[in-house]
């Protein structure tokens, strides 16, 4: 069965694929789209494997996917300043219902709450059970929780029609705006944040953010959904249809979003003494108690960042530092008021001297971590200035601005894709490592400060990788200069089946909504409007 791997045939296959690669690179390019003048890679793969070329959405099992042709899914138009080329998948309707929700119900009629409950007891029984146990569906537990705008307590049940309407052909998907009718205090707090908060997690940090705008919708949909539900819907933290505050008080509610290589707050908390206490005490704790001093033995995400139930976690932060990628000394005199408030919070369990020492420890560790990053950045920028980066910006696909700007320069777009390996390593160092050094110190994760995820020693490894890559580039450049060879970056850095899908190719004059950046009701990301001058 392994005859296919015999050397003669393997040479034929290799030569055939090599021919395909040369053919593809020789394809004429027009407006960033490959114009196939010869056989495509899929055509050659079809000859090798004996499988016809076909669309990737027809249900066929394609061998290694090599004979499949990409088919764009259904999109909906995006929003924001780049709406002319930003696309979303239809599933965004569940996370940004105010702008995308469409009622798909086939049922007709206007129904009372008890009729909704009767039908959905059969159709969606878990939803009904949750509602009956919630403060919306049980008079016994709801009194005194919901307060109307007029200051009177909500005593009647909050039924299906109160949130979704009673006309089945006009059903609505609620947002925080509807919750505001009964929970004005919590809603006001939720809407009081600045840049980097839940308040603007989607409208600013997705619609203006390069890592979303600059990629095909299919691969960044998770980012859009996570950010959108944080901004637009209250059910991200206390899920429907129970909407239990006890659920939102547990760290696992925060873990859904605040985890992973680029912002690993969960791992930092979970590997700290605080996290160990949570694991030990969680089953015995009364999560129904409010977030007040003395109610909890374990410091949780909500206890520290949502003091007394404040729904603006950012209120207790010192300053937004772009997930820790921007340097700031949080212990500096200008931030004394914030520092004092944190020490006061820590006094629930610790002496003020201990708390102050641990926070100073964080300041020192963070400041040192940026010396490594600057050392790495100097190496990277030096290679760019000497023209030895491969590819140089003009040799790669354009960034989402439609530019060919070096990633670390003003107006540049730091990215993991369609860029040189040297720049990619640099972005990993500042985003995956340096940012998480701060999070490790801030959450008292002693191991991760030094050895673990996003640690000082991981920074060391990345710094060596960056210098090794830079040394190779300089050695190659020296050899090429000595033998008189003028290097040109390979075309695969600029074009490919995936690269040709990138939005940067689609940028054209007049495609930016310049008025968006005149809005004063939202903060704006740095560099969000880069290149507007040449695109309007």
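Glycine is no exception: its Cβ is also placed from the backbone N, Cα and C atoms.
Note that the structure is predicted; figures quoted are calculated from it, not measured.
In sequence order, 111 are the residues of the chain that are 6 or more apart from residue 119 (heme c 1 binding site) and have a CB within less than 8 Å of its CB. What Swiss-Prot records for 116, 119, 120, 168 is heme c 1 binding site.
What Swiss-Prot lists as heme c 3 binding site is 136, 179, 182, 183. Other Cβ atoms within 10 Å of the Cβ of residue 183 (heme c 3 binding site), summed over all protein chains shown, number 21.
Per Swiss-Prot, the feature heme c 2 binding site maps to 160, 163, 164, 241; the stated evidence is experimental evidence. In the three-state DSSP scheme, residue 160 (heme c 2 binding site) falls into the helix class.
For residue 198 (heme c 6 binding site), the same-chain residues lying six or more positions away in sequence with a CB closer than 8 A to its CB are 190, 230, 231, 312, 313, 314. According to Swiss-Prot, the feature heme c 6 binding site maps to 198, 254, 257, 258, an assignment based on experimental evidence.
Under the three-state DSSP scheme, residue 227 (heme c 4 binding site) falls in the helix class. Its Cβ placed at the centre, residue 227 (heme c 4 binding site) has 25 other Cβ atoms within 10 Å. Summarising the annotation, Swiss-Prot assigns heme c 4 binding site to 223, 226, 227, 451.
The heme c 5 binding site feature in Swiss-Prot is assigned to 234, 237, 238, 311; the stated evidence is experimental evidence. Under DSSP, residue 311 (heme c 5 binding site) is assigned to coil, being neither helix nor strand in the three-state scheme.
Within 10 Å of the C-beta of residue 263 (hydroxylamine binding site) we count 18 further C-beta atoms, all protein chains included. Positions annotated as hydroxylamine binding site by Swiss-Prot: 263.
A C-beta separation below 8 Å, combined with a sequence spacing of at least six in one chain, links residue 274 (heme c 8 binding site) to 298, 299, 300, 443, 444. Swiss-Prot lists 274, 346, 349, 350 with the feature heme c 8 binding site.
Counting every protein chain shown, 24 other Cβ atoms lie within 10 Å of the Cβ of residue 443 (heme c 7 binding site). In the three-state DSSP classification, residue 443 (heme c 7 binding site) falls within coil. The heme c 7 binding site annotation in Swiss-Prot covers 301, 304, 305, 443 and rests on experimental evidence.
According to Swiss-Prot, the signal peptide annotation covers 1-26, on the basis of sequence analysis.
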**OP:** Whole-number Å only: compute the distance from the Cα of residue 349 (heme c 8 binding site) to the Cα of residue 301 (heme c 7 binding site).
**Re:** 15
Original post:
Using Cα-Cα distances with a 10 Å cut-off, which of the binding-site residues 116, 237, 238, 257, 258, 346 are near residue 179 (heme c 3 binding site)?
Top reply: none
**OP:** Only counting partners 6 or more residues apart, tell me which same-chain residues put their Cβ under 8 Å from the Cβ of residue 258 (heme c 6 binding site).
**Re:** 265, 266, 301
Subject >> Sorted by sequence, non-274, 346, 349, 350 residues with Cβ within 8 Å of centre, heme c 8 >> reply: 299, 347, 348, 354, 355
Subject >> Which binding-site residues sit within 10 Å of residue 346 (heme c 8 binding site) - Cα, from 182, 304, 451 >> reply: 304
Original post:
Counting Cβ atoms within 10 Å across all protein chains shown, which of the binding-site residues 160, 254 comes out on top?
Top reply: 160
Original post:
Looking only at Cβ atoms, how many others are within 10 Å of the one on residue 136 (heme c 3 binding site)?
Top reply: 24
Original post:
At the Cα level, what's the spacing in Å between residue 160 (heme c 2 binding site) and residue 223 (heme c 4 binding site), rounded?
Top reply: 30
